[in-house]
Amino acid sequence: VKKLLTFLTCLYFLPQVCGSIILGVSIWIRVSGAQQVSACSHTSTIMFAGVNLLIAVGAIIMVLGFLGCCGAVKESRCMLMLFFIGLLLIVILQVTGGILGAVYRSKVELAVNLTLEANVDALQSTTGVYKEFQETFQEFERENKCCGLLTGPKDWGENFNKPSSKICQCELENPSSSDLCTKYQDRYIYKKPCGKVIMKILKDNLVIIMGISFGLAVIEILGLVFSMTLYCQIGRK
């Protein structure tokens, strides 16, 4: 039993390490994602819901790892059982969330497209109410070399033809020879709609989130097995 206790005491540091990694990666996705898709607040909300959940899971796992370490060192069956129950609930939530995410992925894409369509009205507005949004989105276009949300320059409506307008303007040195640019109304603009860029950002981050969730589930299941083994060993002493 002592050898098992020593081994499991070391093992219970693993959830804390994993929790720290998850917390770090999730915060990084949260911060970098906010910068990338802040031009479409409703779209970013869809992605950040999953990221925020992962941040919470990472923090909880760190606490549970500490609880498991204390339970192993002090040979406390109560602490080990709390660790087991808490970890079991997290595993169930993670697996359920991952399965639902995979099953309803197409519906998520549909919701994102509907959100993008709603934001087209904000791009076409000439009242000045959405001026800040339009300026932010133009910066997004420059950084990601894209134009509009769904149909390119047409998404900007009358704003595209304003005097001295640089909306969607291709800023490459040789726009005529670049696959990223095309000629539209006597000026070169970026060819790719920004909706595709936003969707790619969302999908890439969702893949990272799901990969971390399922990978962590394997480690958590090992933690469940070892904690219950130790719980039973202590009970036999």
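Glycine residues also receive a Cβ, built from the backbone N, Cα and C atoms like all the rest.
Quantities reported herein were computed from a predicted structural model and do not represent experimental measurements.
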Of the candidates Cys147, Cys170, Cys181, the one sharing a disulfide with Cys168 in TrEMBL: Cys147
Under 8 Å by Cβ from Cys147 (disulfide bond), counting only residues of that chain that are 6 or more apart: Glu141, Pro153, Ile167, Cys168, Ile189, Tyr190, Lys191, Lys192, Pro193, Cys194
